[in-house]
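According to Swiss-Prot, the protein carries these features:
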- T233, S234, E235, E287, S387: L-serine binding site (BINDING)
- R264, A265, E266, E351, I352, S353, S354: ATP binding site (BINDING)
Amino acid sequence: MLDPALLRQHPADLAERLRSTRSFDLNIAELELLESERKRIQVRTQELQSQRNSKSKAIGQAKAKGEDVAALMAEVAGFGDELKASEEALDAIRAKLEGIALGLPNLPAEDVPLGKDESENVEQSRWGTPRQFDFAVKDHVELGAPHGWLDGETAAKLSGARFTVLRGPVARLHRALAQFMLDLHVGEHGYEETNVPLLVNADSMRGTGQLPKFEDDLFQTEVGESRRYLIPTSEVPLTNIVRDEIIDAERLPLRMTAHSMCFRAEAGSGGRDTRGMIRQHQFEKVELVTACAPEDSDAEHQRMTRCAEVVLEQLGLPYRKVLLCTGDMGFSAIKTYDLEVWLPSQNTYREISSCSNCGDFQARRMQARWRNPVSGKPELLHTLNGSGTAVGRAMIAVMENYQNADGSIDVPQVLRPYMGGLERIG
C-alpha cells in the first residue's frame, strides 16, 4: 500500500504518476469528495465525543456533591444516538478510502524504464550459448508423453485442463531439481529453509497484494464460515511471517526460502500455453523472500537475482536477464528483473524467475516493521521476493536443452547425485 499521505496531501501528483507509469486512472474527484466528507464527519464526531466526555465529567462531579443528575443524563442520552451514527459514518468513509488505497499499485523506482508491455522490457545480459542441434528438436511433451512420463490425458480425467501427471524418471528429475535448488540456496546462499502452509487467510493475501485486486485468480476453500486461499506462490506465507512484527535490527536481513506447490486459476491467460506444463493451475516453485532495512533493499535485490542466476548456470541452461518496464511489472513491485531460460522447441527465451523489490509497499499493508537502532523507533521494512526457480519450467528446460537424437535426455552433472547417479533418461 502506498503512503496514505500521498492520497491525502498530493492526490493530483499521485494520479499523474500512476497514469504515466502504470496506466492506472485514479478518480481524483471521488477521492477528494470522500476526503472532504471524512474531515467533516471526523470534526463532528470529535465535537460529540468532547461533549460526551465533558458531560460525563460533570455528572461525576454532581454525583460527588449529591446533586440531581437527571437533567445531565438526559442531555447525554440526547446526543448519544448522533454520536453513534457519526462514528459509524466515519468508519464507513475510512473503509472506502482504505479500499481505494488497497487497489493502487506500487510506484516504480526512478530507474525503471517506461513502457506499455513486455515488448519494452530492457535486456541486461545473457549467459550461455543456445545449443545448435543437428536433428529435429522435440518439445517436452514429445519427449515425455510417448513413455508415459508426462501424462496430460490422465491429469485431465482427474482434474481437468492445465494439470499434468509425472511418472518415472521425469518425476524423479522434477524432485531432484527442487532438492538441488533448496540445497543451493540454503547451503551456499544463506537462506533459511522454511516449510509453509499452502492454505492462508485473507489477511495474508491482502498483506502481499493478492487481495483485493486479484481474487479472480485465486483458488478458495470454504468450510462452514472459514474461508482459506490456496497460495499462488510461497511468497505469500513467507512474507507474512513478519506481518504485525517488529524485528530487531540485528536479525536483518531475514532471508527465507521454501519449496511449495502453487495454485493459480490463470483467469486472464485465455488460450495461451495450453500445451504441456508451461502454464499450469498447480505447479511447484522454490521461492526466495527477504525482509531488510530500507537502505539495504537495492543490494538485496541484486543479490537475490544473482542467487536465481546461479541455479541456471549450474544447470548449464542458457538464459537472459531482463529489466521489466513499468507496464509489465507486478502490482506490488518497485523494480523487477526477470530471468528467461532458452527453450529450443520455441526458439526463444521464456520466463523462469521473477525477482522483485517491493520497497515498503507490502510492509505497510502488513505493518511489518524493524526497530531502527539510531532512532529507537519502529519503521517499515522493505520486502523482496523471487523465484529460485520455477521447478516445472526448469524441468522443461533441462529436457529440451539436454535431449538427444534418439529422444533420450542427458542428466545435468549437478543433478546426478539427486538421481542416484543416473546419467541419462530413456
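Residue numbers in this text run from 1 along the chain shown.
Each Cβ is built from the backbone N, Cα and C atoms, and glycine gets one as well.
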Nearest of the binding-site residues (T233, S234, E235, E287, S387) to R264 (ATP binding site) - Cα to Cα: T233
Shell of the L-serine site beyond T233, S234, E235, E287, S387, same chain only (C-beta within 8 angstroms of their C-beta centre): V236, L238, A258, S260, C262, K285, V286, L288, V289, N385, G386
Inter-residue Cα distance where the pair is S234 (L-serine binding site) and S353 (ATP binding site), in Å: 14
Binding-site residues: S234, S354, S387 - member with fewest neighbouring CB atoms within 10 Å: S354
Which same-chain residues, if any, lie at least 6 apart from I352 (ATP binding site) yet have Cβ under 8 Å of it: L312, Y319, L339, E340, V341, S387, T389, A390, R393, A394, A397
Using Cα positions only, nearest of the binding-site residues to A265 (ATP binding site) (T233, S234, E235, E287): T233
Of the binding-site residues listed as E266, E351, S354, the one whose CA lies nearest the CA of E235 (L-serine binding site): S354
Three-class DSSP secondary structure - S387 (L-serine binding site): strand
Residue among binding-site residues E235, E266, E287 with least C-beta crowding, 10 angstrom cut-off: E266
Candidate with the highest Cβ count within 10 Å, taken from the binding-site residues R264, S353: S353
E266 (ATP binding site) to E287 (L-serine binding site) - Cα separation in whole Å: 19
E287 (L-serine binding site) and E351 (ATP binding site), Cα-Cα, nearest whole angstrom: 15
DSSP-derived structure type at R264 (ATP binding site), helix or strand or else coil: coil
Most Cβ neighbours inside 10 Å, all chains, among the binding-site residues T233, A265, E351: T233
S354 (ATP binding site) versus E287 (L-serine binding site) - Cα distance in angstrom: 10
